[in-house]
Amino acid sequence: MDEQELIKAKRARSRKFYGGLALVVIGLAAVATGGAFADQSGEAGTGAGFAVGLGAAFVLGGALVAWGARPGDTRWMLEASQTRRDRLQGQRARQLFLFPAVALLFAALAVEPVNRIVSGDQTFRDYLAVLLPVLYAWLTAAIAMGWDSQSRHNRQFLEDELTIVIRARAMTMAFLVLMVGTTVALGFALARPESGAVALMFALAAAGVTAGVRFAWLDREAGQDG
Amino acid sequence: MGDPRLASRLKEARTAAGLTQADLAEKAGVSRKTINTVENGVFIPSTILALSLARALGARVEDLFWLQDEGHLADPRS
(Lines of atoms letter the chains of each structure in order from A and count residues from 1; the text may use other names and numbers.)
(Lines give C-alpha, C1' and ligand atoms only; values in the text may rest on other atoms or scores of the structure.)
Protein backbone atom coordinates (compact mmCIF):
# COMPACT_ATOMS: atom_id res chain seq x y z
CA MET A 1 0.00 0.00 0.00
CA ASP A 2 1.39 3.44 -0.86
CA GLU A 3 1.10 6.55 1.33
CA GLN A 4 -2.04 7.89 -0.36
CA GLU A 5 -3.84 4.55 -0.11
CA LEU A 6 -2.81 4.23 3.53
CA ILE A 7 -4.25 7.66 4.42
CA LYS A 8 -7.44 6.88 2.50
CA ALA A 9 -7.78 3.50 4.24
CA LYS A 10 -7.16 5.06 7.68
CA ARG A 11 -9.90 7.65 7.10
CA ALA A 12 -12.30 4.95 5.91
CA ARG A 13 -11.60 2.87 9.04
CA SER A 14 -12.13 5.92 11.24
CA ARG A 15 -15.50 6.62 9.58
CA LYS A 16 -16.41 2.97 10.01
CA PHE A 17 -15.47 3.03 13.71
CA TYR A 18 -17.52 6.13 14.50
CA GLY A 19 -20.35 4.89 12.29
CA GLY A 20 -20.40 1.67 14.31
CA LEU A 21 -20.49 3.63 17.57
CA ALA A 22 -23.36 5.75 16.23
CA LEU A 23 -25.29 2.58 15.37
CA VAL A 24 -24.76 1.32 18.94
CA VAL A 25 -26.09 4.59 20.37
CA ILE A 26 -29.13 4.56 18.05
CA GLY A 27 -29.74 0.91 18.88
CA LEU A 28 -29.60 1.55 22.62
CA ALA A 29 -32.04 4.44 22.21
CA ALA A 30 -34.43 2.19 20.24
CA VAL A 31 -34.19 -0.54 22.87
CA ALA A 32 -34.84 1.99 25.65
CA THR A 33 -37.80 3.49 23.79
CA GLY A 34 -39.26 0.08 23.01
CA GLY A 35 -38.74 -1.02 26.56
CA ALA A 36 -40.62 2.03 27.86
CA PHE A 37 -43.72 1.00 25.87
CA ALA A 38 -43.37 -2.73 26.45
CA ASP A 39 -46.48 -2.90 28.60
CA GLN A 40 -48.69 -1.55 25.79
CA SER A 41 -51.00 -3.85 23.85
CA GLY A 42 -52.10 -3.96 20.20
CA GLU A 43 -50.26 -1.94 17.56
CA ALA A 44 -48.28 0.04 20.14
CA GLY A 45 -47.04 -3.15 21.76
CA THR A 46 -46.08 -4.57 18.37
CA GLY A 47 -44.23 -1.39 17.53
CA ALA A 48 -42.42 -1.47 20.86
CA GLY A 49 -41.35 -5.05 20.27
CA PHE A 50 -40.15 -4.17 16.79
CA ALA A 51 -38.15 -1.23 18.18
CA VAL A 52 -36.46 -3.45 20.76
CA GLY A 53 -35.62 -6.11 18.15
CA LEU A 54 -34.31 -3.59 15.66
CA GLY A 55 -32.43 -1.73 18.37
CA ALA A 56 -30.75 -4.92 19.54
CA ALA A 57 -29.72 -5.69 15.96
CA PHE A 58 -28.26 -2.17 15.61
CA VAL A 59 -26.33 -2.52 18.88
CA LEU A 60 -24.88 -5.88 17.85
CA GLY A 61 -24.11 -4.84 14.28
CA GLY A 62 -22.68 -1.48 15.34
CA ALA A 63 -20.50 -3.12 18.00
CA LEU A 64 -19.12 -5.61 15.48
CA VAL A 65 -18.36 -2.87 12.95
CA ALA A 66 -16.71 -0.65 15.57
CA TRP A 67 -14.67 -3.56 16.90
CA GLY A 68 -13.45 -4.47 13.44
CA ALA A 69 -12.33 -0.89 12.76
CA ARG A 70 -11.07 -0.05 16.26
CA PRO A 71 -8.14 2.37 16.55
CA GLY A 72 -4.88 0.74 17.49
CA ASP A 73 -5.51 -2.40 15.45
CA THR A 74 -2.76 -2.38 12.83
CA ARG A 75 -3.12 -5.89 11.40
CA TRP A 76 -4.96 -4.57 8.37
CA MET A 77 -1.85 -2.60 7.29
CA LEU A 78 0.19 -5.79 7.07
CA GLU A 79 -2.41 -7.88 5.25
CA ALA A 80 -1.13 -8.99 1.85
CA SER A 81 -3.50 -8.21 -0.99
CA GLN A 82 -3.98 -11.88 -1.89
CA THR A 83 -4.88 -12.71 1.73
CA ARG A 84 -7.28 -9.79 1.77
CA ARG A 85 -8.76 -10.92 -1.55
CA ASP A 86 -9.27 -14.44 -0.21
CA ARG A 87 -10.79 -13.12 3.02
CA LEU A 88 -13.22 -10.76 1.26
CA GLN A 89 -14.23 -13.35 -1.34
CA GLY A 90 -14.77 -15.94 1.40
CA GLN A 91 -16.92 -13.44 3.26
CA ARG A 92 -18.99 -12.81 0.14
CA ALA A 93 -19.45 -16.54 -0.47
CA ARG A 94 -20.65 -17.07 3.11
CA GLN A 95 -23.15 -14.21 2.76
CA LEU A 96 -24.40 -15.68 -0.50
CA PHE A 97 -25.15 -18.97 1.23
CA LEU A 98 -26.56 -17.44 4.43
CA PHE A 99 -28.86 -14.69 3.08
CA PRO A 100 -30.76 -17.01 0.70
CA ALA A 101 -31.48 -19.36 3.61
CA VAL A 102 -32.77 -16.42 5.65
CA ALA A 103 -34.87 -15.20 2.70
CA LEU A 104 -36.53 -18.61 2.33
CA LEU A 105 -37.16 -18.84 6.07
CA PHE A 106 -38.80 -15.41 6.12
CA ALA A 107 -40.82 -16.32 3.01
CA ALA A 108 -42.19 -19.42 4.76
CA LEU A 109 -43.06 -17.31 7.82
CA ALA A 110 -44.75 -14.70 5.63
CA VAL A 111 -47.39 -17.02 4.10
CA GLU A 112 -49.99 -16.38 6.82
CA PRO A 113 -49.36 -12.62 6.91
CA VAL A 114 -49.85 -12.46 3.12
CA ASN A 115 -53.10 -14.36 3.42
CA ARG A 116 -54.27 -11.94 6.11
CA ILE A 117 -53.40 -8.94 3.93
CA VAL A 118 -55.24 -10.44 0.95
CA SER A 119 -58.30 -11.17 3.07
CA GLY A 120 -58.27 -7.62 4.51
CA ASP A 121 -57.62 -8.80 8.06
CA GLN A 122 -54.06 -7.48 8.25
CA THR A 123 -52.05 -5.68 10.94
CA PHE A 124 -48.91 -3.53 10.61
CA ARG A 125 -46.80 -6.53 11.60
CA ASP A 126 -48.07 -8.46 8.56
CA TYR A 127 -46.64 -5.87 6.19
CA LEU A 128 -43.27 -6.11 7.95
CA ALA A 129 -43.37 -9.90 7.69
CA VAL A 130 -43.92 -9.69 3.93
CA LEU A 131 -41.20 -7.06 3.53
CA LEU A 132 -38.45 -9.22 5.07
CA PRO A 133 -38.18 -12.05 2.47
CA VAL A 134 -38.36 -9.49 -0.33
CA LEU A 135 -35.57 -7.41 1.25
CA TYR A 136 -33.32 -10.43 1.72
CA ALA A 137 -33.95 -11.60 -1.85
CA TRP A 138 -32.96 -8.16 -3.13
CA LEU A 139 -29.95 -8.05 -0.80
CA THR A 140 -28.75 -11.43 -2.08
CA ALA A 141 -29.14 -10.35 -5.69
CA ALA A 142 -27.37 -7.05 -4.96
CA ILE A 143 -24.36 -8.83 -3.45
CA ALA A 144 -24.22 -11.23 -6.41
CA MET A 145 -24.28 -8.21 -8.76
CA GLY A 146 -21.60 -6.37 -6.78
CA TRP A 147 -23.90 -3.47 -5.95
CA ASP A 148 -23.47 -3.65 -2.16
CA SER A 149 -21.20 -1.29 -0.26
CA GLN A 150 -18.59 -3.93 0.54
CA SER A 151 -18.22 -4.89 -3.13
CA ARG A 152 -18.06 -1.30 -4.33
CA HIS A 153 -15.39 -0.30 -1.82
CA ASN A 154 -13.28 -3.41 -2.37
CA ARG A 155 -13.74 -3.74 -6.11
CA GLN A 156 -10.06 -4.38 -6.78
CA PHE A 157 -10.19 -7.45 -4.52
CA LEU A 158 -13.67 -8.74 -5.36
CA GLU A 159 -13.85 -8.17 -9.10
CA ASP A 160 -11.86 -9.85 -11.78
CA GLU A 161 -12.62 -11.63 -15.06
CA LEU A 162 -13.67 -14.85 -13.40
CA THR A 163 -16.09 -12.98 -11.12
CA ILE A 164 -17.76 -11.37 -14.14
CA VAL A 165 -18.25 -14.76 -15.80
CA ILE A 166 -19.54 -16.36 -12.59
CA ARG A 167 -21.93 -13.44 -12.10
CA ALA A 168 -23.27 -13.76 -15.64
CA ARG A 169 -23.95 -17.46 -15.19
CA ALA A 170 -25.59 -16.95 -11.78
CA MET A 171 -27.85 -14.15 -12.99
CA THR A 172 -28.82 -16.10 -16.12
CA MET A 173 -30.07 -18.93 -13.96
CA ALA A 174 -31.78 -16.49 -11.57
CA PHE A 175 -33.55 -14.86 -14.51
CA LEU A 176 -34.79 -18.26 -15.68
CA VAL A 177 -36.10 -19.02 -12.19
CA LEU A 178 -37.81 -15.61 -12.10
CA MET A 179 -39.49 -16.21 -15.47
CA VAL A 180 -40.69 -19.68 -14.46
CA GLY A 181 -41.72 -18.49 -11.00
CA THR A 182 -43.74 -15.51 -12.15
CA THR A 183 -45.39 -17.58 -14.88
CA VAL A 184 -46.46 -20.13 -12.27
CA ALA A 185 -47.57 -17.30 -9.98
CA LEU A 186 -49.70 -15.90 -12.80
CA GLY A 187 -51.31 -19.30 -13.22
CA PHE A 188 -52.02 -19.48 -9.49
CA ALA A 189 -53.42 -15.95 -9.48
CA LEU A 190 -55.81 -16.77 -12.32
CA ALA A 191 -56.92 -20.11 -10.88
CA ARG A 192 -56.99 -19.11 -7.22
CA PRO A 193 -56.60 -15.34 -6.81
CA GLU A 194 -56.13 -15.61 -3.06
CA SER A 195 -52.88 -17.59 -3.51
CA GLY A 196 -51.39 -15.45 -6.28
CA ALA A 197 -49.64 -13.06 -3.89
CA VAL A 198 -48.00 -15.91 -1.97
CA ALA A 199 -46.83 -17.52 -5.20
CA LEU A 200 -45.39 -14.22 -6.38
CA MET A 201 -43.54 -13.71 -3.11
CA PHE A 202 -41.96 -17.15 -3.42
CA ALA A 203 -41.06 -16.51 -7.07
CA LEU A 204 -39.23 -13.33 -6.06
CA ALA A 205 -37.47 -15.03 -3.15
CA ALA A 206 -36.51 -18.01 -5.33
CA ALA A 207 -34.92 -15.76 -7.95
CA GLY A 208 -32.83 -13.93 -5.35
CA VAL A 209 -31.85 -17.22 -3.71
CA THR A 210 -30.82 -18.68 -7.07
CA ALA A 211 -28.58 -15.71 -7.86
CA GLY A 212 -26.79 -16.01 -4.54
CA VAL A 213 -26.46 -19.76 -4.25
CA ARG A 214 -25.42 -20.26 -7.88
CA PHE A 215 -22.76 -17.52 -7.57
CA ALA A 216 -21.40 -19.00 -4.34
CA TRP A 217 -21.44 -22.52 -5.80
CA LEU A 218 -19.54 -21.53 -8.95
CA ASP A 219 -17.08 -19.54 -6.83
CA ARG A 220 -16.50 -22.58 -4.65
CA GLU A 221 -15.99 -24.83 -7.68
CA ALA A 222 -13.45 -22.39 -9.10
CA GLY A 223 -11.34 -22.81 -5.99
CA GLN A 224 -11.16 -26.58 -6.27
CA ASP A 225 -8.32 -28.18 -8.16
CA GLY A 226 -9.62 -29.87 -11.29
CA MET B 1 -16.60 -21.28 -19.78
CA GLY B 2 -13.85 -23.50 -21.17
CA ASP B 3 -13.09 -24.28 -24.79
CA PRO B 4 -11.42 -27.51 -25.98
CA ARG B 5 -9.72 -25.61 -28.80
CA LEU B 6 -7.45 -23.79 -26.37
CA ALA B 7 -4.38 -25.58 -25.08
CA SER B 8 -2.26 -24.23 -22.28
CA ARG B 9 0.97 -24.90 -20.46
CA LEU B 10 0.40 -22.27 -17.84
CA LYS B 11 0.76 -24.72 -14.97
CA GLU B 12 4.09 -26.02 -16.26
CA ALA B 13 5.41 -22.50 -16.79
CA ARG B 14 4.27 -21.44 -13.32
CA THR B 15 5.85 -24.38 -11.53
CA ALA B 16 9.05 -23.98 -13.58
CA ALA B 17 9.19 -20.38 -12.34
CA GLY B 18 8.82 -21.65 -8.75
CA LEU B 19 5.56 -19.81 -8.18
CA THR B 20 2.42 -20.94 -6.40
CA GLN B 21 -1.00 -20.12 -7.84
CA ALA B 22 -1.31 -17.39 -5.22
CA ASP B 23 2.08 -15.91 -6.19
CA LEU B 24 1.17 -15.78 -9.87
CA ALA B 25 -2.27 -14.38 -9.03
CA GLU B 26 -0.65 -11.61 -7.00
CA LYS B 27 1.71 -10.72 -9.85
CA ALA B 28 -1.07 -10.74 -12.44
CA GLY B 29 -3.53 -8.85 -10.22
CA VAL B 30 -6.23 -11.54 -10.17
CA SER B 31 -7.54 -14.08 -7.68
CA ARG B 32 -6.00 -17.49 -7.11
CA LYS B 33 -9.26 -19.02 -8.35
CA THR B 34 -8.80 -17.31 -11.70
CA ILE B 35 -5.36 -18.90 -12.09
CA ASN B 36 -6.77 -22.26 -10.99
CA THR B 37 -9.61 -22.20 -13.52
CA VAL B 38 -7.31 -21.10 -16.37
CA GLU B 39 -4.87 -23.91 -15.57
CA ASN B 40 -7.71 -26.46 -15.47
CA GLY B 41 -9.05 -25.28 -18.82
CA VAL B 42 -12.35 -24.31 -17.20
CA PHE B 43 -11.93 -20.60 -17.93
CA ILE B 44 -10.57 -18.89 -21.04
CA PRO B 45 -8.51 -15.81 -20.16
CA SER B 46 -9.09 -12.57 -22.00
CA THR B 47 -6.30 -11.10 -24.11
CA ILE B 48 -5.41 -8.72 -21.30
CA LEU B 49 -5.24 -11.49 -18.73
CA ALA B 50 -3.19 -13.72 -21.05
CA LEU B 51 -0.74 -10.87 -21.63
CA SER B 52 -0.59 -10.18 -17.86
CA LEU B 53 0.15 -13.83 -17.15
CA ALA B 54 2.84 -13.94 -19.84
CA ARG B 55 4.46 -10.80 -18.47
CA ALA B 56 4.31 -12.16 -14.91
CA LEU B 57 6.10 -15.32 -16.05
CA GLY B 58 8.54 -13.56 -18.33
CA ALA B 59 7.25 -15.54 -21.30
CA ARG B 60 5.43 -14.92 -24.58
CA VAL B 61 1.69 -15.45 -24.75
CA GLU B 62 2.24 -17.98 -27.56
CA ASP B 63 4.42 -20.03 -25.23
CA LEU B 64 1.59 -20.30 -22.72
CA PHE B 65 -1.53 -20.66 -24.92
CA TRP B 66 -2.12 -22.03 -28.40
CA LEU B 67 -4.91 -23.42 -30.56
CA GLN B 68 -5.28 -27.16 -30.48
CA ASP B 69 -6.39 -28.28 -33.95
CA GLU B 70 -8.35 -31.50 -34.13
CA GLY B 71 -6.06 -34.40 -35.08
CA HIS B 72 -2.99 -32.16 -34.93
CA LEU B 73 -1.38 -30.82 -31.84
CA ALA B 74 0.07 -27.39 -32.71
CA ASP B 75 2.46 -27.43 -29.79
CA PRO B 76 5.09 -24.68 -30.00
CA ARG B 77 7.39 -26.92 -28.01
CA SER B 78 7.55 -29.44 -30.89
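Note: Cβ is positioned from N, Cα and C throughout, glycine not excepted.
Marked as transmembrane segment by TrEMBL: A:17-38 (among others). For the transmembrane segment (A:17-38), the list of distant contacts is 44-45, 47-71: same-chain residues at least six beyond its ends, Cβ to Cβ under 8 Å.
Distant neighbours of the transmembrane segment (A:50-69): 13-14, 16-17, 19-35, 37-38, 125, 128; these residues of the same chain sit at least 6 beyond its ends, with a Cβ under 8 Å from one of its Cβ atoms. Annotation comment: TrEMBL describes A:50-69 (among others) as transmembrane segment.
Annotated transmembrane segment per TrEMBL: A:96-115 (among others), in sequence order.
Annotation comment: TrEMBL describes A:127-147 (among others) as transmembrane segment.
If you look up TrEMBL, you'll see A:168-191 (among others) marked as transmembrane segment.
According to TrEMBL, the transmembrane segment annotation covers A:197-217 (among others). Outside the transmembrane segment (A:197-217) by six or more residues, the chain places 92-93, 95-97, 99-100, 103-104, 106-107, 110-111, 114-115, 117-118, 130, 133-134, 136-141, 143-145, 166-167, 169-171, 173-175, 177-178, 180-182, 184-185, 188-189 with a CB less than 8 A from a CB of the stretch.
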